[in-house]
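What TrEMBL annotates here:
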TRANSMEM  6-26  transmembrane segment
TRANSMEM  61-82  transmembrane segment
TRANSMEM  91-109  transmembrane segment
TRANSMEM  129-151  transmembrane segment
TRANSMEM  163-191  transmembrane segment
TRANSMEM  197-217  transmembrane segment
TRANSMEM  224-243  transmembrane segment
């Protein structure tokens, strides 16, 4: 039992990650901004790299300050795209994502460990979750669920994108771009009939299965979590016709 105690923090990180991102994912899909979360996540990762290489690595509750600023900048860009562009919005958001990804490559091109830094930003390492990040994510979970119960209309208002950017910043620092995107999209996409809390429980099950596979078979934790979560979600999706579920409410938590 004692040998497994080190897994408590990764497990807690996964639980908090799912409880935070799954309800936000319902709204992302409802708004039709699926690629916006990928773009914001990429810019958050770019901000982390910029903080390490250019800005001295200033931190706020376990996340890079520059990562938070870059994510908010990307959220502002997404907001402007949806305000001022009537056609080809996803294409513009794609340009934003590609720009962030290539700026990250250029930023670390002179670093002998640059490839490792890029891989870390994409795949993350939940097995070595930092306690400040887990605590910060827990606070965000509490805020999102309390606001969802007390003021459900906030998710359809202007406050959504800034809150979303902050959530993405901390979760990318915790788990990497791929895990964040998969957690946001996979269960809300397949399990829209489920209330967000039930879908979050499915996502948590997938995360835990991925962690077990990663530890047991010495696999990269990020890809293991993504594949396991998809597998668990598909199994539940296949059983949905047998379950008497009401549709999920995308604008509420």
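Cβ from N, Cα, C; glycine included.
Unlike curated entries, TrEMBL annotations are predicted automatically.
Sequence-remote contacts of a segment are chain residues at least 6 beyond its ends whose Cβ falls under 8 Å from one of its Cβ atoms, and for the transmembrane segment (61-82) they are 33, 36, 39-48, 50-52, 54-55, 89, 92-93, 96, 100, 130-133, 135-136, 158, 161-162, 164-166, 168-170, 172-173. Against the transmembrane segment (6-26), stretch 163-191 shows more Cβ pairs under 8 Å than any other of 91-109, 129-151, 163-191. Contact check: the transmembrane segment (163-191) against the transmembrane segment (224-243) gives at least three Cβ pairs closer than 8 Å, residues 6 or more apart, which meets the contact criterion. Within the same chain, residues 33, 35-36, 38-39, 42-43, 45-46, 49-50, 53-54, 70, 74, 77-78, 81, 85, 115, 117-118, 121 sit at least 6 positions outside the transmembrane segment (91-109) and bring their C-beta atoms closer than 8 Å to a C-beta of that stretch.
Using a Cβ-Cβ cut-off under 8 Å and counting only residues 6 or more beyond its ends in the same chain, the transmembrane segment (197-217) has close neighbours at 7, 10-11, 14-15, 17-19, 21-23, 26, 126-127, 183, 186-188, 191, 224-233, 236, 245, 248, 253.
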